[in-house]
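Encoded as structure tokens, the structure appears first; notes follow it.
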């Protein structure tokens, strides 16, 4: 298996503060990988080390097998670390042109990328007049326009309103599908991570506390919640696949493709179905449980 | 690659109109305005005075020789701090460092400043020549030939002043990296330029200590260049002076590069 980002025993201290504490983490190449954690968990420090902005106190980090921060590894990477900033006297078009020149990228379709991120109408406005959301969108163009094999997005929706978050989320999903790059996404938006990521790692106080597929970490697969009567008959038909969820509902642990047949069978057996809804994996509860479980361990 | 970084920096400076105006164009414009204003003022005081012959090359050589003064140095510092330390101010290193090597990035900035300083010096000299033409046109003074080797004197004074100004630029690179502040780099550079100029003006003997002051070395080199050999009593240590100036530039640049390569860009 090849890894997009590997950290081995990575430690970074700032004076008395340990931003990363012997972190070992391997992020596989391909798909969208989420990195979760509260403020100060070490997410941005990990990314800054990966991009060569910060030197680790000890340990090593590698990007696609090459030492992190080296020109050879960075050539394949695009990154948006925290809120993107630009020289205020540059327009969006100038900013992308300057970055293309800096990267040595000759054939970059700057107008095409500005169009893809919805900024073609503001391409000649100075970035100092941009809203946070527009800066984030320009940042996404700056990440992807050199066609990297790995994109690191650190809080790409921070400071944005719900509509902007939705817009950026859609954009990330679209770019991930169209560009085929591995995406590492750090976010406080658990819903965003659940919807966009295949796997996640949870960091706390500079350490890895959990890692795995979103559904596994969430503790259960999506389940079909049926509000039906009589409940007892539904439980009898489903057997071990079902569990009562309150007095008038049942949670059926089935695969999505089994749902139509199950509903037909239940209706055929004389069950009245008032509501059928998929309950998604609950990443938020799992995330909070994991962090709370970590707290007492730290206190000891 | 370094060439990519230089292209990007040059493109960026051309878009930064404020820095271009104050750092590159203002000194020549102010020089021209002072030339013309001074000429008009002198004419108003000395009505009926005979026309004064105008030596255009001599005016350019003098302008180039004065091009490393603290006043001109201030505008070069505005340019160099904006280019060399601006990314700390705008927090934009995180945008650049993943795209090119750190050594390339800082060297590209210095190369861009070097080019802009050269252009500013040339414009400063041309402004002096334009002022001379204005003087000749308004006073009726004849244009006279330069008494000396025009090419050598023009190139020599240009090169020495450029070297002196680049020492200031390299200093602002180092202070910019250390303080992560454009204002810090500007103030330290300005104080350095003023103090070295004052100290150099008090020293007369070319001792090693005196030669270690860039302003003294620069002045000595210009004196050697522009003084006719027939009036020189004993040879001045011009090679040592040139060596000191080059060492300042190389040392400050190397120190800035070494620090920048190891610097954590946590919050630029």
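Positions of Cβ are set from backbone N, Cα and C atoms, glycine also.
TrEMBL: automatically predicted annotations, no manual curation.
A Cβ distance under 8 Å defines the sequence-distant neighbours of the transmembrane segment (B:20-43), meaning residues of its chain 6+ beyond its ends; these are 13-14, 49, 63, 71-72, 75-76, 78-80, 82, 116, 119-120, 123-124, 126-128, 130-132, 134-135, 138-139. Residues or ranges marked as transmembrane segment in TrEMBL: B:20-43 (among others).
Annotated transmembrane segment per TrEMBL: B:63-85 (among others), in sequence order.
Per TrEMBL, the feature transmembrane segment maps to B:106-134 (among others).
With a cut-off of 8 Å between Cβ atoms, the residues of this chain six or more beyond the transmembrane segment (B:154-178) that come close are 57, 60-61, 64-68, 72-73, 76-77, 79-81, 84-85, 88, 106, 109-110, 113-114, 117-118, 121-122, 125, 184-186, 188-189, 192-193, 214-215, 218, 221-222, 225-226, 245-246, 248-249, 252-253, 255-256, 259-260, 263. The transmembrane segment annotation in TrEMBL covers B:154-178 (among others).
Annotated transmembrane segment per TrEMBL: B:185-204 (among others), in sequence order.
Only residues 6 or more beyond the boundaries of the transmembrane segment (B:238-260), in the same chain, are considered here, and those with a CB under 8 A from a CB of the stretch are 102-103, 106-107, 110, 160, 163-164, 166-167, 170-171, 173-174, 176-178, 206, 208, 211-212, 214, 216-218, 220-221, 224. Residues or ranges marked as transmembrane segment in TrEMBL: B:238-260 (among others).
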- Message: Can you work out which residues elsewhere in the same chain, 6+ from the ends of the transmembrane segment (B:63-85), have a Cβ less than 8 Å from its Cβ atoms?
- Response: 9, 13, 16, 18-19, 22-24, 26-27, 31, 106, 109-110, 112-113, 116-117, 120-121, 124-125, 127-128, 154, 157-158, 160-162, 164-165, 168-169, 172-173, 175-177, 179-186, 189-190, 193-194, 197, 215, 218, 222, 226
